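**Q** Structure below; questions to follow.
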Amino acid sequence: MDLHKEVDRRRTFAIISHPDAGKTTITEQLLLYSGAIRQTGTVKGKKSGKFAKSDWMEIEQQRGISVTSSVMQVDYDGYKVNIVDTPGHEDFSEDTYRTLMAVDAAVMVIDSGKGIEPQTKKLFQVCRMRGIPIFTFMNKLDRDGREPMELVAELEEILGIDSYPMNWPMGMGKMYLGNYDIYNKRLELNHPDDFDGLDFIGLDDQGQPESHKELLEQSSVYCDALDEVELITEAGNPFDQAAIAAGELTPVFFGSALTGFGVETFLNAFVDFAPHPTTTETEDGKEISPYNDQVTGFIFKIQANMDPRHRDRIAFVRICSGEFQEGIEVKLDRTDKKLRLNNTTRFMADSREEVKESVAGDIIGLYDTGNFQIGDTIYTGKEPVSFKDLPQFTPELFMKVTPKNVMKQKSFHKGVAQLVQEGAIQLYKTWHTEDYILGAVGQLQFEVFQHRLLNEYNSEVVMEPMGSKIARWIKPEDIDPSMSSSRNLLCKDRYDRPVFLFENQFAENWFQNKYPDVELESLL
Ligand code: G4P
């Protein structure tokens, strides 16, 4: 195997979007274009059941094909594309954020009828922090939505990122003529039948169509689009590949995931511009090249099987360098323990299969019997490697938790400790009384916690919701226990660092006014 070549054709990305923006539908299109599935269409009935699963499992149910949750690998146009799922709705959890630590690029799908929505904003911020390229797909142009100029302005304003429209819609809804493809210098036509069966019409040096000019000029949506394109090419941001790579400029595409219009153009540009895997930084500031022979990787997600009959868990590893082969021996940096990795899984579009080999950029699943924790590094060879810790995220939802049966304190504490270590939930204790408080970024984390504690540790718990809070860390020297009240509860986190849980923004502002010298910090 030519490692260099294999790494260079990897594209590892996640799709970020607000629920219902069209993530599933666009994923389906990618599967279709890559030949992984043969039919597509609206994923119907997905709202009828209670899904605490990946969207792809819903596709699986709809299509009767077997796509696995969480990670998929498909071949597209000579590239090996790894898509990592970022569950959007009821599954929203720290996992969703952490997944973004394992990808090299993100695709942001926006419903053009709605614009930037809250979940998109949260996920975007994590991508921004990592400085990975972000590609924007303005979806649902087959419906009447908001004006494209307004959408692009909102994108820049709310998210604080520059944008470069790669194409521009000519109309929308029933009047959606197609896209003026600025980057590829052509018109992409939504209704080829109206143009003698042409899907595309080339543009000359002046940006004028090479054929059907008169017909096009009779269309008001074409003329309007032309005016807008002139405006954005003169007054907008220049195309800048380095800025795209640094995540400072997002290329914007328009289209419809449902009808597939504009999707292929988008995917082609995406695989061309999205980066192949690059270096990964270690704790001591070294950069590990993906082309290194030494195999390294880190664990960013542990998925416990919710089925009580099977206690197995899968640890998801992002390979950072080298060529992984089945049966290799690795060392776990945290414990120094040697492990032979025999039972590994790779996730293909239509099946899980045993991994024979994988390279940097790929994501593999390791069957875990309790060896791994989120953030662990694995490596081959003698040279120890330890990648930087994965960031912790500021939880927003809190829950008091106590064991139902006081006689079973031991299993309760053991279970809590392990689930916290695994990164499934965050733990806080009230400053004085050390009552347990759980913190999460999504409701599902609590449900999973309760379920696993019962099933894996035989500990039934009482959970008392505290609602959403604003968690802010302070320096230990600033502590004055009299500062604590029910509206700003002083707690300690799992490392005994002092943290306030504010009831709301008002409470935080009030506190800050009263104690202007106390610095309040958030995690990510
Ligand atoms: P998600 O994974 O981001 O949550 O979104 P998903 O792809 O499931 O799409 C949500 C709904 O939006 C689906 O409708 C889907 O068919 C529709 N949709 C996605 N892309 C487009 C598009 O380009 N144009 C139009 N018109 N619709 C699109 P659904 O499941 O039938 O539910 P409903 O929302 O229509 O009730």
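Yeah, the Cβs are placed from backbone N, Cα and C, and that goes for glycine too.
All TrEMBL annotations are machine predictions without curation.
Per TrEMBL, the feature GTP binding site maps to 17-24, 85-89, 139-142.
Give me the local environment of each listed feature.
**A** Here the Cβ of ASP20 (GTP binding site) has 16 other Cβ atoms within 10 Å, regardless of which shown protein chain they belong to.
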**Q** What does DSSP assign LYS23 (GTP binding site), in three states?
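**A** The residue in question, LYS23 (GTP binding site), is helix (DSSP, three-state).
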**Q** Going through the binding-site residues SER17, ASP20, LYS23, THR86, LEU141 in sequence order, which have a CB under 6 Å from an atom of ligand 1?
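**A** Those binding-site residues that pass the cut-off, since their Cβ is under 6 Å from ligand 1, are SER17, ASP20, LYS23.
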**Q** With Cβ-Cβ distance below 8 Å and at least 6 positions apart along the chain, what are the contacts of THR86 (GTP binding site)? List them in sequence order.
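**A** The list for THR86 (GTP binding site) reads ALA14, ILE15, ILE16, THR96, THR99, LEU100, LEU123, given in order along the sequence.
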